[in-house]
Amino acid sequence: MRRGWKMALSGGLRCCRRVLSWVPVLVIVLVVLWSYYAYVFELCLVIYLIFYHAIFVFFTWTYWKSIFTLPQQPNQKFHLSCTDKERYENEERPEVQKQMLVDMAKKLPVYTRTGSGAVRFCDRCHLIKPDRCHHCSVCAVCVLKMDHHCPWVNNCIGFSNYKFFLQFLAYSVLYCLYIATTVFSYFIKYWRGELPSVRSKFHVLFLLFVACMFFVSLVILFGYHCWLVSRNKTTLEAFCTPVFTSGPEKNGFNLGFIKNIQQVFGDNKKFWLIPIGSSPGDGHSFPMRSMNESQNPLLANEEPWEDNEDDNRDYPEDSSSLAVETET
């Protein structure tokens with residue numbers, strides 16, 4: 001009976017956690033809906049409404065895609081077969097388990113390792129992790145090219161939706177900037193006491209305040225992710241240097257500025273501003289710097305980078321949505 005009570009309590013806590021995880025999303029949605037009402041219906045700035053709605057459509061479209069695009073998981077060939085799984089679990093010697101994973105990894109396109117040089121294996125999902133794949137403790141799955149878990153979209157940001165997340169940040173910055181600049185003249189009128197409506201005074205004051213507040217935080221976050229894209233890094237790789245079979249290499253996936261951008265947005269530039277999937281590849285393997293050095297010897301003229309810490313760690317959730325990730 002006690003066991004049943006504990007299971008019921010655990011299930012209730014999980015349910016509450018799922019519900020509460022949508023609170024940040026609800027906050028953003030309410031703020032956006034209020035800003036739309038205040039800008040369109042209260043201030044009714046007719047001259048600016050065409051451009052405002054164009055930005056608003058792309059802003060909401062990219063936010064929707066960031067929230068509801070499911071994180072992509074490794075395909076079946078990276079999972080242990082029933083036989084291999086049974087052998088691995090029944091083996092009590094760690095060195096033998098390690099060798100078993102090495103033998104299995106030889107059949108797969110995996111080139112990254114843990115800090116100790118072992119094959120990256122998730123004992124929760126029972127799979128050998130593809131390069132740049134990590135286990136998310138919030139989503140409880142392994143996510144291809146995981147960047148971080150973002151509470152503001154209640155979703156894992158990775159290979160399947162990183163482009164949408166970047167576009168969401170860009171259109172969010174543009175949305176806040178547009179509102180702040182177009183409302184500023186009305187704020188001057190408010191300051192001079194030239195606005196007759198009390199409701200208009202309230203909306204002008206808070207529209208400008210909220211727009212500026214979000215603009216500052218979003219432009220910093222967007223700038224940081226632009227830097228990551230320019231170096232072809234994820235947030236996790238910026239904090240924890242990836243280890244390859246040859247050792248730690250901070251710029252292991254850096255292919256050059258243009259190619260790095262194409263790794264996220266694709267080769268066709270007409271899709272760069274539209275939230276349509278265009279990232280190349282399948283998320284299981286990625287071109288590496290070492291494979292391009294023979295074509296461009298200048299890439300080899302870089303200083304060595306510091307060693308990485310062990311790959312097996314838990315990443316706590318951060319309020320600025322930088323990283324939530326659990327390694328096994």
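In case you wondered, yes, glycine gets a Cβ from its N, Cα and C as well.
Just so you know, TrEMBL annotations never went through curation; they're auto-generated.
The following features are taken from TrEMBL:
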- 20-39: transmembrane segment (TRANSMEM)
- 45-64: transmembrane segment (TRANSMEM)
- 120-238: domain 'Palmitoyltransferase DHHC' (DOMAIN)
- 168-190: transmembrane segment (TRANSMEM)
- 202-224: transmembrane segment (TRANSMEM)
- 284-328: region 'Disordered' (REGION)
- 303-312: compositional bias 'Acidic residues' (COMPBIAS)
- 318-328: compositional bias 'Polar residues' (COMPBIAS)
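If one looks beyond the transmembrane segment (168-190) by at least 6 residues along the same chain, the residues whose Cβ comes under 8 Å of a Cβ in the stretch are 35, 39, 43, 45, 48, 51-52, 55-56, 58-59, 62-63, 65-66, 153, 200-201, 204-205, 207-208, 211-212, 214-215, 218-219, 221-222, 225. According to DSSP, the domain 'Palmitoyltransferase DHHC' (120-238) comprises 69 helix, 16 strand, 34 coil.
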